[in-house]
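Report on the following structure.
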């Protein structure tokens with residue numbers, strides 16, 4: 001199909017965040033959410049052992065459907081999402097061929113679920129919460145994770161002046177690596193030693209977007225752009241942005257029109273475009289209510 005025959009979404013970059021950690025859904029809210037996702041996703045979310053994980057997964061699915069409904073103007077109940085063999089969600093069905101360059105990705109960890117979407121670029125997003133490791137010391141934790149980073153990256157992590165700053169730099173590097181892996185959709189089989197990040201600046205301010213970090217793949221500097229932002233003093237978000245091959249020489253890019261920052265959505269924002277796709281299932285609420293929010297060990301550590 002020729003490019004001129006394809007639709008390009010009239011949108012800029014999208015950055016949304018939802019505080020799923022503090023979200024305490026009512027019975028009506030949770031049952032409405034269950035009606036607004038695909039049956040297989042409803043079932044998958046219902047199998048989580050803890051409500052924290054179920055809420056995060058539900059928020060992620062709703063964010064994906066919202067961005068497609070709002071930005072591509074596809075009715076919510078006509079959106080069909082599938083996963084690649086490596087687990088990356090994508091839009092399928094008749095509408096997907098009309099917007100072949102539209103990309104989106106979600107991540108949830110800590111207190112937030114986040115979404116990044118682009119009209120004409122590859123995108124991967126990851127969020128990491130800086131927190132103390134469970135039962136091991138920071139040094140033991142770093143030892144166990146030694147193979148995930150290059151020597152230069154470990155030098156950057158260990159150069160920080162206290163344990164918390166070192167842990168924070170660790171999770172910053174981790175989010176960067178995960179954002180790239182998610183953008184290219186290769187899953188867990190990718191050797192993380194092949195990619196190396198040169199982070200800049202060392203210190204970040206909350207709410208400010210940074211684009212100075214560089215990535216090297218097999219020792220060669222790449223042209224990918226990495227956006228970084230601190231949502232608060234514990235949550236670091238990294239967004240990997242790469243060119244779609246057949247659009248590399250087109251200018252200007254829609255996604256470069258405006259600076260992108262994260263918009264914090266509330267539950268009403270999240271559901272404003274939602275259209276239920278199934279009947280209400282009261283047992284789904286009973287199942288949700290029967291679960292603990294967190295594992296016992298994590299509840300004690302708070």
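Backbone N, Cα and C define each Cβ position, glycine as well.
Annotated in Swiss-Prot:
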{"type": "BINDING", "residues": "44, 83-88, 105-108, 178-182", "note": "CoA binding site"}
{"type": "BINDING", "residues": "126, 178", "note": "Mg(2+) binding site"}
Checklist entry - For residue 126 (Mg(2+) binding site), which of the binding-site residues 44, 84, 86, 108, 179 has the nearest Cα in space? => result 179
Item to check | residue 181 (CoA binding site) - helix vs strand vs coil (DSSP) | outcome: helix
Next on the checklist: Which secondary structure state does DSSP assign to residue 106 (CoA binding site), in the simple three-class scheme?
Outcome noted: strand
Item to check | Intrachain C-beta neighbours of residue 178 (Mg(2+) binding site), sequence separation six or more, cut-off 8 angstroms | outcome: 107, 124, 126, 128, 238
Checklist entry - Out of 106, 181, which of the binding-site residues is least crowded by other Cβ atoms within 10 Å? => result 181
Checklist entry - Which one of these binding-site residues has the most other Cβ atoms within 10 Å of its own Cβ: 84, 179? => result 179
